[in-house]
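Enquirer: Got a structure for you, written out below as structure tokens; questions coming shortly.
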């Protein structure tokens, strides 16, 4: 049985200290203090009913015999809670009846006890005589200061005798005890439903029985007190009456302003008693404390996984539901987490916030920077058990292992093609969707891959960073394929006809000549193409686009190859020669047309000889 001398909801000191409390008041609200004090002395506090005075105060020394009678233990017939004095039990009973006979004349707020009203009145007077020596925060009452001090020390003097859990405040322990006893002391007058906490009763009244409450005429939200309604209304009006004197930022309430000031002062009043780490906000300290206790109170009902924070549980649930609430405004791609969306956005903006301090190279992702750092440090702690190759990161090792196992876990739902890497699947999907998220800022041309955009950009800048060590020729893309021109190496061969190729990409394209596969469809007319380059050329027949211009005469062309052939009409260049007669031509098509004249002559000569 829990016994309490004072109702925990009051959060106040005994009424015997009321004279001391009143002595701290300022001129603001002084008249109401004196008026309440006079009513106490005359026995008519609250609404003038003497029973309130009797319920609020114990008998004085002048009526000792009555005191002895009232001193016997009294039990609440609603929740069974025991009290040392009858007057405390009668005051406690107002928790169940929701009777609030004491009202503030300045704001209209009502209270269960006179002590709570006296304490509240000081919020209008502004008197805060008790100061925290750690963070400087001020309080109207010493009891409030003592409670606040525990936020710095981490002291939790109240422990549950049933389960051993500890609490910083007696009210928290009393609320927790109801979990074991099942007591629900807060009773709704309207429907009779009972609750363990007063806040739950308030929520029930607000959401179910709204006739007694203030309703916001903008959004319909309801409130119990006028000050709550006033503060809420600022959300709609945009009013921010409290501003920071340093940066001018406005806030809806003083509490938010006080927290914001710490960003300027660097103040961190909340310290961890285990490791000494300091925090600017109590909520951050409470979260940090769980890292020491190992407590993970939030668990997934589907897979049982435990989490330190509720926010992490909510994010985890998306792995089960498949929810992806964050969408890219550029390409429409959806993401489960805002962090992933922010990373993805850099692919469009080209932002690279992470730079290597050794060589200055920039990266879009911190993981890419960490991998790159292995080039300088030489550290490669992850090795392949099959071939012994070393890797800087475990993710690179996992990807590499698929070369040995042949595993291809990612498959295209449109055409069924499988891939070893998720990035390869994403790139492939753009072939079906036609999405080209990478745009050239110079000419506006779009590309399916960032690497292609990078190479394309060099056509504008003229940059050719790759040089062939054999012939000195420079290229705007990597040169390893060019080396094979000198060596004649063609390591990739077709299993059907045996033809060799310099790279796997060329081999893949060649296979379509045997299979007849045409994976690139035109979204306008439905025509199919074996190669993406052919599709791109074809699309220009629908759009009429001619992006290639001759600088000499201004004529435009839909293809780069057509512009190249046209320029030869100005330069006189004729690189294609007939092996039969030696005549030169400026284009391959003209040469082929000419070759047919020799074939016709041979046919005629053959017929003449036959005659």
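Placed from the backbone N, Cα and C atoms, the Cβ positions cover glycine too.
Bear in mind that TrEMBL entries carry predicted annotations, made automatically and left uncurated.
Below are the features I grabbed from TrEMBL:
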- 17-34: compositional bias 'Polar residues' (COMPBIAS)
- 47-64: compositional bias 'Polar residues' (COMPBIAS)
- 102-129: domain 'C2H2-type' (DOMAIN)
- 158-185: domain 'C2H2-type' (DOMAIN)
- 186-214: domain 'C2H2-type' (DOMAIN)
- 242-269: domain 'C2H2-type' (DOMAIN)
- 298-325: domain 'C2H2-type' (DOMAIN)
- 326-353: domain 'C2H2-type' (DOMAIN)
- 382-409: domain 'C2H2-type' (DOMAIN)
- 410-437: domain 'C2H2-type' (DOMAIN)
- 466-491: domain 'C2H2-type' (DOMAIN)
- 492-519: domain 'C2H2-type' (DOMAIN)
- 548-575: domain 'C2H2-type' (DOMAIN)
- 576-603: domain 'C2H2-type' (DOMAIN)
- 1-75: region 'Disordered' (REGION)
Enquirer: Which whole number is the mean pLDDT over the domain 'C2H2-type' (576-603)?
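Expert: Value for the domain 'C2H2-type' (576-603), mean pLDDT as a whole number: 85.
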Enquirer: What is the three-state DSSP composition of the domain 'C2H2-type' (466-491), stated as helix, strand and coil residue counts?
Expert: 8 helix, 4 strand, 14 coil
Enquirer: Write out how many residues of the domain 'C2H2-type' (298-325) are helix, how many strand and how many coil, based on DSSP.
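Expert: In the domain 'C2H2-type' (298-325), the DSSP-based counts are 12 helix, 4 strand, 12 coil.
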Enquirer: Cβ pairs under 8 Å only, please: of the recorded stretches 158-185, 242-269, 298-325, 326-353, 492-519, which one is richest in them relative to the domain 'C2H2-type' (410-437)?
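Expert: By the under-8 Å Cβ criterion, the domain 'C2H2-type' (410-437) pairs most with 326-353.
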Enquirer: Cβ under 8 Å, sequence separation of at least 6 from the ends of the domain 'C2H2-type' (576-603): give me the contacting residues as numbers and ranges.
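Expert: Residues 565, 568-569.
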Enquirer: Could you give me the DSSP helix, strand and coil counts for the domain 'C2H2-type' (102-129)?
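Expert: So the domain 'C2H2-type' (102-129) is made up of 12 helix, 4 strand, 12 coil.
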Enquirer: DSSP on the domain 'C2H2-type' (326-353): how many residues come out helix, how many strand, how many coil?
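Expert: The breakdown for the domain 'C2H2-type' (326-353) reads 12 helix, 4 strand, 12 coil.
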Enquirer: Sequence-remote contacts (6 or more beyond its ends) of the domain 'C2H2-type' (298-325), Cβ cut-off under 8 Å?
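Expert: Same-chain contacts beyond the ends: 287, 290-291, 334-337.
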Enquirer: Are there residues at least six beyond either end of the domain 'C2H2-type' (492-519) with Cβ under 8 Å to its Cβ atoms? List them, or say none.
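Expert: Result: 415, 431, 481, 484-485, 528-531.
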Enquirer: What parts of the chain pack near the domain 'C2H2-type' (466-491), using Cβ distances under 8 Å and only residues at least 6 beyond its ends?
Expert: 455, 458-459, 500-503
